[in-house]
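Now, the feature entries from TrEMBL:
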| type | residues | note |
| --- | --- | --- |
| TRANSMEM | A:28-45 | transmembrane segment |
| TRANSMEM | A:75-97 | transmembrane segment |
| TRANSMEM | A:104-122 | transmembrane segment |
| TRANSMEM | A:159-177 | transmembrane segment |
| TRANSMEM | A:209-229 | transmembrane segment |
| TRANSMEM | A:241-274 | transmembrane segment |
| TRANSMEM | A:286-303 | transmembrane segment |
Amino acid sequence: MRNFVIWVALAIALIVLPNLVSFSQQEVLVFLTINILVVASYRLLTLTGEWSLGHVVIMGVGAYASALVTKELGLWVPLGIIVGGLASALIALALSVPLFRMKGFYFLIGSFAAGEIIRLLWKRFRDPFGGAKGIKGIDPMPDFSIGIYQFDFFEPVSYFYFSAVVVALCLWILWRIEKSPVGLTFHAVHWQDKLAQASGVNLRRYRTMAFVIASGFAGIAGALLAHYIGTINPNSFDVEVMVFVLTWAIVGGTGTFYGPILGCVVLTILNEIVLRELGLEQTRPLIYGLILILSILFMPNGLESIVQKVTRRKDAK
Amino acid sequence: MFELLAQTSLNAIYAASYISLVAVGLVLIFGVMGVINFAHGELFMAGSYVVVALYADRMVPFFVAVAAGLIFVGLLGLLMERALFRPLRDNPLGGLVASIGFLMVLQALAVLGFGVRMEHIPPVTQDVIRFADKISIPVARVYVIVTAFVMLSALWYFLKRTRFGWALRASAQDPEAAALQGISVTQTAMIAMFIGAGFAGMAGALTAPLISINPHMGHSVIITAFIVIIVGGVGSLEGAVLASVVYAFVHTFVTTFFDGVLADITGLALMLIVLIVKPTGLFGSADRA
């Protein structure tokens, strides 16, 4: 019952929130919801102990796929978004064959290389990927009405509601996966790989599974982004964006489901409210870099460790 | 056809010389510290900007500026060792992540200090050595090749023939055993960081008049360096030099006969194939340095 009240309160807060902020902040909210899905799906991959540097490019695969099937084939946009997720998952499945011959550092570099190859292919093949300029004029979501609310996707508020529902659904699925026997096996693959293997767990199959599922959700996030901003190019998914995702995950901590999301929300608020108000947006990479260094040095378990300390103290009382 | 092949080979030798300076530094750091330095491309960039600040803006003689680049970036390396890698010694992934943070800081500082626009550096010399009608090499490139050769030879002598070099290799092979012999792990780490970073800085400084300089140039440098050290075997200095030559020839020839993007794809594909088929690299053993 208490949980139910909390969720309803959260839902109401999310419905009210965009109406209280400025237009540009509404846009930030849209990006924030999409980024939350990216970083939460990234965590599913890190559960098995592998850190990829290709996650943002995989997200781009979803964006390109959805943009192309809606633009060239005239597919309905919501279906296009699902196609985007499937495309990312398929590419990840193909990549997993070479990549999961590696572990740890080699996987990191291998995923980086694979991602760069995909980005260079987008750049090289102007047909259909549009070369360095990318794809412009991507179909927006078609407007529709659900009776009490008229979705007008020219407005960021409408898109925020739409993406928030999609992302919430995805997060719920990710959460269910993590708590399922499969998710528990992911943990085992990371922390007790020899024991898991001895117990008959096919390590490689579970690593592949985590990679494919995480990539599918990253693809959905990419597609959501593409249909919102309407234009994508290879540089939208470059290493700098990957570093941001990495920073959110590390600052938040990857030990819990909410850790990376917390990192993403806190850093976005810091970025949009503090830096923009102070006129320091130019220094964003500098500040992100410093935060990354300071948190790895002094807060290796992320913001979630602070949350855990606070809640534990409360429970003790 | 012969002229084109000869000319492309000369270009490849030039590319191999500065790539090997960068890659050898990266391997040395990994060998001694066990950390992959993602900021290595930005150290190269910092070296280039030292030349911009001293040679282009303040008329300091070019080779003095290059030496300053070596020392300045070497000091940056010492800073990284002290502030990042020493506290994170037991956490290799942490060291890597911290170096990514350092990379962003260096990039942002370059943007703040010099702006995002490309820097133009007056050429050191316009002279060209001509071997035949269509085969020639600018003297500025010869400087890079000769300096790289001298520095790599000096490093080889230092590592194989001096007591410091022995100590360095000992702590790369087995830090605990080395410490028991009275070798200071911290000291060897500092030496390795200074040399590794300094080499990257010098490569950036030397090539500064020949390439386009901007705060984000480190990206392609680090990708190249990764390809080279993976192909060469992550722990092997000789492998890094050999792989630099292989990579430079492949990349230059594909660029000349096809195009630059395809050359990049070929290089990355080469690395992926090596990672899949022989993760220890073509020339390396599994040991470090």
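Including glycine, each Cβ sits where the backbone N, Cα and C put it.
When Cβ-Cβ distances below 8 Å are used as the criterion, the transmembrane segment (A:209-229) is approached by residues 30-31, 34-35, 37-38, 40-42, 44-45, 47-48, 50, 52, 55-56, 58-67, 70, 77, 80-89, 91-93, 95-96, 99-100, 135, 138-141, 159, 163, 166-167, 170, 173-174, 177, 182, 186, 236-237 of the same chain, each at least six residues removed from its ends. Against the transmembrane segment (A:159-177), stretch A:28-45 shows more Cβ pairs under 8 Å than any other of A:28-45, A:75-97, A:104-122, A:241-274, A:286-303. Note on the transmembrane segment (A:241-274): residues 25, 28, 31-32, 35-36, 38-40, 42-43, 46, 53-57, 115, 174-175, 178, 280-281, 284, 287-288, 291-292, 295-296, 299, 301-305, 307-308 of its chain, located 6 or more positions outside it, place their CB under 8 angstroms from a CB of the stretch.
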